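J.: First the structure, which I've put down as structure tokens, then a few questions once you've had a look.
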Amino acid sequence: MRNVHRVREVARDTAVHRPGAGTQDGPGERVSPVPPASRPYRTAIIGAGSIAGDAHVPAIRALESAGHLDLVAVADADARRAERFAATHAIPRGYRDPRELLATERPDLVVVCTPSFTHADLTVAALEAGAWVFCEKPLCGSLADHDRILAAERATGRYCAPVFQWRAGSGAAHVRDLLHGGAAGPPLLALCQTTWYRGADYYAAPWRGRRATELGGATVTQGIHAMDLLLWLMPDWTEVSARVATVDRDIETEDVSLAHVAFSGGALASIVNSVVSSHQESYLRLDCARASVELRHLYAYRNEHWTFTPAPDHPPTAPDWDTIGPDVPAHQAPQLADLVARMRRGEPPEHTTADARRTTEFVTALYKSARTGQPVPRGSITPDDPFHHSWSPAATR
């Protein structure tokens, strides 16, 4: 049973733990990029907001009950919020300074749930402290920062797994096998729609709606899940043409974005991202030569949200092509469980920082196209391009 007295101490004193303070379950030495599989992995959360409490704590607790993880600490720039979070979720220690947490606790695994603009620096700091990282989206705000995280992985031998939980659902895995195995025929056309609603209450958080802190709007905070899933399922993208606009909300970032995408093999896609849509929906449609595949849901799909329609004159012939296996929801929990299992086996994550660079490059190209009014080919944004270092270079605003 968790030490309740220690939780009460966090609530009674402060959320700021003193450097070097000893504890009976304090940090151990680490001599390998892979923590010992014989003990639970010491786990820490950085960022005490709603996504941490609603999604990540339950995912960690499930693995903790199976003996795989031990949630030892939380950090938040707001010391009182870290204190409340630690007390609410029975976490032994809270910190205001994440680097103090890393130095004192020496976690094996760090879950990053902070505002977007902090993700890259915190991920690099956690890797350099010897931890593996599970980082919420967006992983970073530029190709330069993405490459900095990749360099930190190479230097430390640790890995970061970007949170792209829509890849983790059983439906996505089935459709990826269907497309990559050729049973549905080559993809021809795709529609990708994230039409959500975010009002004044949502943007009351001071970091939201600002380019410097949220990094982007409907494209990267809301639409990135569906776009990443599209890119994960389809062949490599080759060119994007886009527009972004702030049509209603009183914010700096875009509340609407549109994009047309070309893929190798000739397929085309249309993307719509919005935070002004009263009727909320997430919709993905892939029209292939032998079948259409559709996903219609809001935030976290299950198997029932997928539909499969065979072509009238040339349907798929593979057995069970339209039958998904055991239902795994598109949620942080299964992605985290797979990450921890791979840590124990000494394997890289299934969904790696290297693989996620495709999505970061796509988002970068989308913003560049929208700012310049020109289509942007894949591979054309090099380190001497201002967009390599920011999704919103000052000269293009």
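Cβ atoms here come from the backbone N, Cα and C positions, even for glycine.
Those TrEMBL annotations? Automatic predictions, nothing curated.
These came from TrEMBL, pasted as-is:
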COMPBIAS  1-16  compositional bias 'Basic and acidic residues'
DOMAIN    42-160  domain 'Gfo/Idh/MocA-like oxidoreductase N-terminal'
DOMAIN    174-293  domain 'GFO/IDH/MocA-like oxidoreductase'
REGION    1-38  region 'Disordered'
REGION    368-397  region 'Disordered'
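Help me see these features in their spatial surroundings.
T.: Under DSSP, residues within the domain 'GFO/IDH/MocA-like oxidoreductase' (174-293) fall into helix, strand and coil as 29 helix, 51 strand, 40 coil.
According to DSSP, the secondary structure content of the region 'Disordered' (368-397) in residues is 11 helix, 2 strand, 17 coil.
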J.: State the mean pLDDT for the domain 'Gfo/Idh/MocA-like oxidoreductase N-terminal' (42-160).
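T.: Across the domain 'Gfo/Idh/MocA-like oxidoreductase N-terminal' (42-160), the average pLDDT comes out at 98.
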